[in-house]
Amino acid sequence: MLQTSDNKIHVANNMMDMDQDPRKRLCFADGRRKVDYVLVYHYRKRSSVRGSPSQHRLSIISNGSYPLGVEEKDQEGRKDEPAEVVVDVGPPDPADGEKIMIREEFEGNLKDAGLEIEHDKENKAHGHAFIRLHAPWQVLSREAEFLKIKVPTKKSYELREEKGLAATMNEVWRKLNQPFQPKVPHQEQEHSRTKFLSHCFSRDKLHLYNIKSKDTFFDNATRSRIVYEILRRTACTRTCQTMGITTLIANGVYDSAFPLHDGDFHPSGQAEGKNDRQLLHDEWARYGAFYKYQPVDLIRKYFGEKIGLYFAWLGVYTQLLIPASVVGIIVFFYGWATVETNIPSQEMCDEDQNFTMCPLCDRACDYWHLSTACGTARASHLFDNPATVFFAIFMSLWAAMFLEHWKRRQISLNYSWDLTGMEEEETGHEKLTWRDRLPGYLINISSILFMFGVTCSAVFSVIIYRITISALMAMSSDPEVKSNVRVTVTATAVIINLVVILILDEIYGMVAAWLTELEIPKTETNFEERLILKAFLLKFMNAYAPIFYVAFFKGRFAGRPGDYVYVFNDYRMEECAPGGCLIELCIQLSIIMLGKQLIQNNVFEIGIPKLKKLCRTLKDKERAPKEIVEQPGRRQQWHLDYDLEPFDGLTPEYMEMIIQFGFVSLFVASFPLAPLFALLNNVIEIRLDAKKFVTELRRPDAIRAKDIGIWYNILSGLGKFSVIINAFVISFTSDFIPRLVYQYMYSETGTMHGFINHTLSYFNVSNFKPGTVPSISSLGKDITFCRYKDYREPPWSTEPYQFSKQYWSVLAARLGFVILFQNLVITMSMLVAWVIPDVPKNISEKLKKEKTLLVDVFLNEEKEKLQLIQSLFSRDLTQEQQEELNVSDQTSLPLHQTQPGPHPPTSSPAPRTRPRAASFSQFTRQMSMSPQSNITQHTAV
């Protein structure tokens, strides 16, 4: 580094020789100090001139307020070339000069914090400069103590071996699982019976830790996290009032900041010499490893606890989808096997019944026979059968079991990852009053309500599309078009809904971030939780609004023949299919779920990052075409990582899975195959996310977290909400309750014979309003009555077209079933949660044992300290008694010798020095010199 009087001009050589060892690419130019973090900024020079080789630099000092950058050429290895002298006449604009000053102050504060810095040479007109940061041992040990990072100690104990049948079963299960285990060296250490105690790092207890090398004691993820904490809290007070690297990146002072990957992810050919990134790529990020378990411990070691918990949660969720998928397949095949024996379907398909139905639209639509809807009725039975009720109860209990299983898994990971007892480290910024936050809250509430209105408007627009297209297709003279009206309109409307959902999802994500910033949250965790909550509310409403409409509103406000409800005074409100709305709900749910997963996974997660990378590459080539071509073989790891896509957080990943969990749990009574499609998607999703994290994203900051945060509360809320939704779907959307009421209250034989006739009401065609009668009827003019699906009094009754007693009986049964279903399922869910303990028994025993062992270690250490202190004080006491004895001998002399007066000088004893306390390190050194020092050695270390 070259320094002037006030301004530091950072000049470092980046033209280091490429060693064959790939680890050299992760170090400073000296090849020893690791690069723990990288800062990147864009620079632009003003002009450059050529000078003689003897000139090293030319400095022009101006009386301006901005420092001038002085560039120094590295003469080693370039003696044959004339030296280029860069003359900076000043920054191109004041903003660039201000950024230079801020960077100088910020980097100076980083040096004051103990970090070591290496700079790039700015040897081109403009481009990106990389600043490498290294944390020496003094900084690492200091920050590890502040952050309370737990590290393993020398003290260990043997895990209790299981005996009997449990040990045999575990051994058999382990052998069966062996082919599915990833081949990771860290995985093999887990099966060891020896467990080392962990304790928060302390510089006063270095003797407790097994420190073989200070360079490798903290792994790369921990080192980068320590440096990130320093970057996050370092402030610039002289040039600008900013705190942390995040603010500087937002202000454009730096382009980005990131830790380095552990080298290239391509395999080196040597299995033993693979770095963690190569292991993750081979055993986790390949589609060929889809059948293997995830190396969760290695993921946590490389990416940190927060990302490790996400993939552990995703793995648990995917595993538990297997039994749900099996039961869903059984339910589906049960419906398929019983469709031929289903009496209501047979009655609808029986042409001898000759149910003449009322027209589906005014004037253009004709009367029609119910037997023409035979295919819809048979397809509806696949999903609307008694087994779906059992499946809805099963999935509600499955959701409760999934949450309980995840809590146990999470606590097990907290134990194995040394996260037990971790405290929140964030502190809030300056306190704001409610007057400061009120405008933000008002804008938030009004904006969210407005977005809800936008979603409802989109749903209503699709409804209008369905109504108008149905009417237009019904007026067609082509009989094929008329026969396929319902299928065509339903399919196209669902596709439109899907496109609208995908577009609004992206818009709502940006709106949620903007609204959260207006609230001025106190901490990063608070900001993240509020952002997640807003994004979830908006995206939940966006994804499920069309499904809620079909499930609970479609056909319920259409009216009846002679008294239909019209939209814009011309178009009738749409009705459900003759087989009910459940089959349309199934179609809507399946297309939105599959389309959302397919498009978001393949297009958004794969295509868009690659497109962004291509655009950034083309932009860099246009900006500095010579810079890329000049030295193609000398690119360092930080250059390669900078070309990768930055990490944007886990919120999109969690959100995608939470919305899928809603599809699986909320409306599962209408689509039993939803868990199966979710399982197939997640098997691909895990490897897709793994490949993205390992090969396409910059290495994220390793963030500690002991749980998945607010996502667990959202999952728990969805699980409880799914009980209510499934109860209403079974009661009001399906025909399960009307069939039960008919069979046990109105059927003369106690069977389902006559059920279709029971659900159809009569209408006198002479009561049609003028202009609504079919203009052309192929069924003849002798039709007196037509049928429609409802429970109403016939036209010959004293109260024609009013709701009948059967309607009120069915409504009471539906409401009673909702209450019974909710209480039964919630009680069973609470029973499941009570039976399954949150903390596994073996983990609880291990925690107690480790706590006892740690207490014993520190008690022994304190006892040894006390023995040292007592031995030193006893030595001082003996010396003091000896001095007192000498003094008493002197006082026993004749009196004339003690009388005052001139007397010859005698050698008086030296004054007794006051004993002072010594540090424990001094005690340790003294005891190590004593012959009995072996007694005080730690037995546990």
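We number each residue from 1, going along the chain as drawn.
Placed from the backbone N, Cα and C atoms, the Cβ positions cover glycine too.
Nobody curates TrEMBL annotations by hand; they come from automatic prediction.
Some features that TrEMBL has for this protein:
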DOMAIN    27-296  domain 'Anoctamin dimerisation'
DOMAIN    299-850  domain 'Anoctamin transmembrane'
REGION    880-920  region 'Disordered'
TRANSMEM  310-336  transmembrane segment
TRANSMEM  387-403  transmembrane segment
TRANSMEM  441-467  transmembrane segment
TRANSMEM  487-515  transmembrane segment
TRANSMEM  536-553  transmembrane segment
TRANSMEM  657-680  transmembrane segment
TRANSMEM  708-732  transmembrane segment
TRANSMEM  811-836  transmembrane segment
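By the Cβ criterion (distance under 8 Å, sequence gap of 6 or more), the transmembrane segment (708-732) is counted as touching the transmembrane segment (387-403), at least 3 such pairs being found. Counting C-beta pairs under 8 angstroms (sequence separation of 6 or more), the transmembrane segment (657-680) reaches the transmembrane segment (536-553) with 3 or more such pairs. Remote same-chain residues near the transmembrane segment (310-336) are listed as 293-294, 296, 299, 381-385, 387-388, 390-391, 394-395, 398, 401-402, 405-406, 409-410, 413, 650, 653-654, 657, 661, 664, 668, 672-676, 678-679, 682-683, 685-686, 689-690, 708, 711 (criterion: CB distance under 8 Å, separation of at least six residues from the stretch ends).
Here the transmembrane segment (811-836) sits apart from the transmembrane segment (441-467); fewer than 3 CB pairs are under 8 Å, leaving out pairs fewer than 6 apart in sequence.
In the predicted model, residues of the domain 'Anoctamin dimerisation' (27-296) average a pLDDT of 77.
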